[in-house]
Amino acid sequence: MTATQPAASLTAAAIHPSILNADQAHLADELHRISSADGLHVDIMDNHFVPNQFGGPSFLETVLANSELPVDAHLMIEDADRWAPDYAEAGAAIVTSHVEAAAAPFRLAKELHRLGAAAGIALRPTTPISAVEHVLGEVDLLLLMTVEPGFGGQSFIEAMLPKIAAARRLVSEQGLELRIQVDGGVTAQTIERAAEAGANVFVAGSAVYKADDALTAITDLRERAAAHLHLG
């Protein structure tokens, strides 16, 4: 486990609001609204790996200039091996690439660690856990998409719950200190089921940004997840 892990406990429930759901015209205010979160989730999309475009290293730097929270950069881009180091150099605490877009995930994880960032590996909903089984010991976070990547506001895919549970079993069997993050459709209801299945880092978009009080929403989500957390 790299020393670059953000301060949050590896076994605690953590809420990472997704900047994709924020009002981009008032970004500084939107970041202030979520100051009690455990981290910030910044999606980077290239309109090739997914049918949408958002973010980039300069946008990440703007986010970091307006928030003291650790940022996890989720790269939904092609040729991740080439571009991921740029996000570590820009200041992301965690840089997560998709296994479907990383040609050399072992080498990439080592490079991210060398640059001072934690390394994450992500899976689309239809990609099996077996695709990352042998690289889990090299990374710090496993991101499981619980919607099809590319757009916010989608509904949680319930069929992903067994996949989350299988990932948690695999992590436990390998004796790894690895956080499992879920991204997509996280609400006050689905976060409980995802936590029971074995996730402990939760990307929340609409559930936070559409709430009347974002800070209260973050606290509620964190408490719901903590009450149902199952990491065995």
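Cβ from N, Cα, C; glycine included.
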May I ask you to find which of HIS74, HIS228, HIS230 TrEMBL records for the divalent metal cation site already listed with HIS41, ASP43, ASP183?
HIS74
Near HIS74 (divalent metal cation binding site), which residues of its chain come within a Cβ-Cβ distance under 8 Å, counting only those 6 or more away in sequence?
HIS41, VAL42, ASP43, ILE44, THR96, GLY120, ALA122, LEU143, ASP183, VAL203
Quiz question: given the binding-site residues SER18, SER206, which has the greatest number of C-beta atoms lying within 10 angstroms of its own C-beta?
SER18
Beyond HIS41, ASP43, HIS74, ASP183, what residues of that chain have CB atoms within 8 A of the centre of the divalent metal cation site's CB atoms?
HIS16, SER18, LEU20, VAL42, ASP72, MET76, THR96, LEU143, VAL203
